Amino acid sequence: MVVAWLIVYFALWKGITEARKFVYFCALFPYFLIAVLLIRGLTLPGAGTGIYYYLKPNITRLMGTQVWMDAGTQVFYSYGVGFGTLIALGSHNKFHHNCVRDAIAMCFINGSTSILAGFAIFSVLGYMSVTAGKDIADIVKPGVGLAFLVYPEVASNLPVMRQFFAVLFFLMITILGLDSQVCMVEGLFTAIEDRFPILRRHKKTSLGLTCLFFFLLSIPMVTKSGAHWLTIVDAYGASGYALLFVVFWEVVGIAHGIGMEKIRIAVKEMVGITLPKGIDYLLKFVTPSICMILFIMCLVYYTPANAFKRDLAELCMLTVPSMIIGPEILKR
């Protein structure tokens, strides 16, 4: 963990533009690893069983509310919406950079990557299902169990090159984690610098203190109860209705606060593209409505955590009004 935070610090201390090679490597190299794992998985006996299970639709699940809540929050989490990372990274682009093209490409690449990774994982799970004589539904575990329990067990039972594919898999997980960690810290630190511009004069020190602060916060994650802490933070702090709440107000602030007319003029000036009128209705009504519906569904089926006297999700949501009201109070 110390090494991970040192990598984050040295990747960002000269700015994200200087860390471009590191980010490109972390973003592109996992595709090579996924391709290797996919090819190996497809050559294993039982791969077809796993892929069939992966592609077989279960229409009855669509009638339940839980699958829609999980899908909605997973889409936001997967695309990085609501965390400030995309805004922070986008702020380093040139003024006339084609952000519309990037947004469309990101949606396509993200979805395609998820599908490709699913083939790589379930082809191997099919092999485990055949060799262990179990149904795949009994093998798949929710949360981090699939990555850190099921897949390593499968790798240890491969007929050849067990150690190689185990190392390859965890190398991919490590690189993806570092990439996300660097981008998340950059998003947060950019917001802090924008709020307190004086910190830009002491970037190395302030960035070091930020990394040290989060290193201390992450210590409980590597204790014996680390899996429980990770589950709590993931379920109640980084996803669920807390994330939907942030995304809802982000969209409302852009569509109604700034105004779609100003957004259209800005995009036209920067990219030379005129946004269709349909985008107005999507951002003003459709997207906020979907966020609010999912938010209400999460509240209805919400199960509070017993680990804290104060709900962690509520504390996360308080950051939205506090960042608006706090500076106004300080001005007075």
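Placed from the backbone N, Cα and C atoms, the Cβ positions cover glycine too.
Residues or ranges marked as transmembrane segment by TrEMBL: 29-55 (among others).
Residues 16, 61, 99, 106-107, 110, 114, 183-184, 186-191, 238-240, 243-244, 246-247, 250, 290, 294, 297-298, 301 of the same chain lie 6+ residues outside the transmembrane segment (67-91) yet bring a C-beta within less than 8 angstroms of a C-beta in it. Look at TrEMBL and you will find 67-91 (among others) tagged as transmembrane segment.
Long-range C-beta contacts of Asn110 (Na(+) binding site), restricted to its own chain and to partners at least six residues apart, with a cutoff below 8 Å, comprise Ser78, Tyr79. Positions annotated as Na(+) binding site by TrEMBL: Ser78, Asn110, Leu176, Asp179, Ser180.
Tertiary proximity for the transmembrane segment (103-127) is limited to same-chain residues at least six positions away from its ends with a CB under 8 Å from its CB atoms, namely 31, 34, 37-38, 40-42, 44-54, 78-79, 136, 139-140, 146, 150-151, 154-155, 158. Annotated transmembrane segment per TrEMBL: 103-127 (among others), in sequence order.
The transmembrane segment annotation in TrEMBL covers 164-185 (among others).
The transmembrane segment annotation in TrEMBL covers 206-223 (among others). Within the chain, the transmembrane segment (206-223) has long-range Cβ neighbours (under 8 A, six or more residues past its boundaries) at 1-2, 5, 8-9, 12-13, 185, 188-189, 192-193, 199, 229-230.
TrEMBL lists 235-260 (among others) with the feature transmembrane segment.
Under 8 Å from some Cβ of the transmembrane segment (281-302) lie the Cβ atoms of residues 65-66, 68-69, 72-73, 240-241, 244-245, 247-248, 251-252, 254-256, 260, 263, all in the same chain and six or more residues away from its ends. The feature transmembrane segment is assigned by TrEMBL to 281-302 (among others).
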Counting only residues 6+ away from its ends, which parts of the chain sit with a Cβ under 8 Å from the transmembrane segment (29-55)?
113, 116-131, 136-137, 158, 165, 168-169, 171-172, 175-176, 179
Neighbours of the Na(+) site Ser78, Asn110, Leu176, Asp179, Ser180: Cβ within 8 Å of the Cβ centroid, same chain, sequence order.
Gly80
Most Cβ neighbours inside 10 Å, all chains, among the binding-site residues Ser78, Leu176, Asp179, Ser180:
Asp179
